[in-house]
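Report on the structure given below.
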């Protein structure tokens, strides 16, 4: 007996896209690619494509659906571009292209590309089919093939490519005998409207197929049940009481019943049924074959119109009696009740009604037999006498309708009780006998009557005890699993109601329980295996996992002991549509083999692989030392059966069977490795980035009003910069005057003391303070005095040169220009001969960044003001070498050294200013964003353009290029 919910089959919504494509393929070679990821990676390839290309399924997964990995030097570039355009435009198209197998053998393919849409009419997949047309692209006349060899090659090519031949030659004459080709090719030729969609949907049936659990079929089954009981009652009555259907009304009713049963036969040829695995079978061919092998013959015999023959007037009595007896065959209609009993017992009240009807039907049949026995024994045809001990004779005397012999007429006994009285009396006797009551007013007297009475008592006691005495016990024994199933369902329903589980999740839970029960029939496999001994348990496990061991080449070299050890560790998992086998981020501790159904692998909300029968997913535990984290979700599309083995159990077996471990590691190829994350870019993301880039490119520049605070702030920066430049120009004019007038510097400095006091306001964290140039101007006089006295005491080794060292870089540059006049007196050749070598130790005085000063400019251990003090006499100037050298170096070299030193110092200052300005610009942009958000109500006409302040780096020294 099947479970209560099992007669409906597995009817949850499923994504049967892969099954539909495989069913329609008919040996077509195809791949499926994701249309939402860049390069359209392959998510599924059937065995035909793998055989045709020479690649394993795991090798082509995540490769481009355009099959660029099969391109070669002879592949046409224009065709490749057309293929790419077809993918980019989501079009349907076909091409002839030369590609290469894995062994680099060139093959001509006829490629068809078709987009697959989901329920939102969005293209999510590409279906690409491949047909080998090499035989039609190569010339028949080949020098290497002569005679019969050439003919054999052509014949072999034609016989192996019948489907391709029909596709390439659609104009076939009507009278020609053509072979049936792939239905998938027909689908692709008709258009994308009839292509299967990639979505979850309830199981669909063909238009002329009726679901066995629909309302119409359920109502029809109850009508058939009622008519079956009608037949079971009238057929025995008509046969026993020998009634001819002379009444037209009864004849019409019986004929209508026969027609209804004939219609039921026709409906059975178009009604789905539940397969052995719990699936709903809707294939018309399978339905017809199943019905022909089971109940068709019995139903046909029970529907023959036997009453039509008896309705004729001039029918021989023997023939009429024969056909009346054949009416008993109609009792075979009770088989309809037997095979659909599980449909009716779903309803509690129907069970009690059926049991009472069965008891009454048994009493009716016994009453008909009881009357037949009395009617057979009451008359003696040989002696034309009546037996006084028959129960019919006693009944006739009791009710006052005795039998009388008509000697002048028919010569037969006439009279006696009516048929209604006889039937009621017979039913009364059988009911009292079946219930063991027996009042004795009707009693058997002949031997046959007594034997039948004994049989009635035995049958009655059995029926009474079975149906009425032990109904509860019998039901508990017969439907123990069903009761447990209902108990489990009630517990689950109460749990879901108690914890207020969402409706969608509740439906998934209930569907999973129903489907799991349908597969296991409520049998606890682990409990059964525990009863069996170890050897028998291992044999059972090998049988349960035989599909995995036979389909995968990794187990071919395993010994019997190894297979038994592996089989003991395998577990069978049943998954309902929508179940997640792995969540992204959780540990991958199992290796899963797909036995039936299909699954999808989802990474970043995109389908990166579709797994079907024969695929393997998980992790390569035998090659990795650490436990992996799943990089994707694995979700069931249909009802799936997975054979799973844990990581620790597999490693334990592989460690023990070392020889098998090498073969297993080499031959087992994962269809999808959950440890590895696929790096891809979505086409939608690429398009969105391109749109944003174009939007930024076409945006109008930001315009601010003239009185905006940011514009006033930048105006203040410009004023400060102009003041600083004016001060620097004043300093340069003062230094030029020093060079020209020599000792008159002191008077000129005093006269222009106010100009030297000019301040430069710099941007810094603290309030601005003036930076005076007075120190630089006062030190200029002493430097020039020393330049005009080269042989003085300052050239000695103890001369520290403190005053020149305190000058700024620009002032020291002017000093070098003044010294150049004296250096010109030294000949170039003499200077080159006696130029002392500088020590490397004293020449590597680099600047290091230290704490920030008030102006925000980084300072160094060697301040620009004190750079001269930190250098040796040889580094400061060649003229400060040892006293024994009475000559000076070439003025061009000294000038270049001084310029480079000044350039380095200025560059450091400019870098510091740039860093500070960058920080200020970031803060100003944040201020601007806040102000713009608050002042968004301003009109666009009141704004003006904001220009970035000129970077200090743009005002480089004219010597920066050197």
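Here the Cβ of each residue, glycine as well, is placed from N, Cα and C on the backbone.
Fair warning: this is a prediction, and the values are worked out from it, not measured in the lab.
Looking up 406, 752 in Swiss-Prot shows the N-linked glycosylation site annotation sitting on 406. With respect to the membrane, residue 248 and residue 387 are annotated on the same face, judging by the topological domain names in Swiss-Prot.
Swiss-Prot assigns the feature region 'Disordered' to one of the listed ranges (830-859, 860-889), namely 830-859. Through the fold, the topological domain 'Extracellular' (444-450) approaches residues 370, 373-374, 377, 387, 389-391, 394 of its own chain, all at least 6 residues removed from its boundaries and within a Cβ separation under 8 Å. For residue 406 (N-linked glycosylation site) paired with residue 388 (N-linked glycosylation site), the C-alpha to C-alpha distance reads 18 Å.
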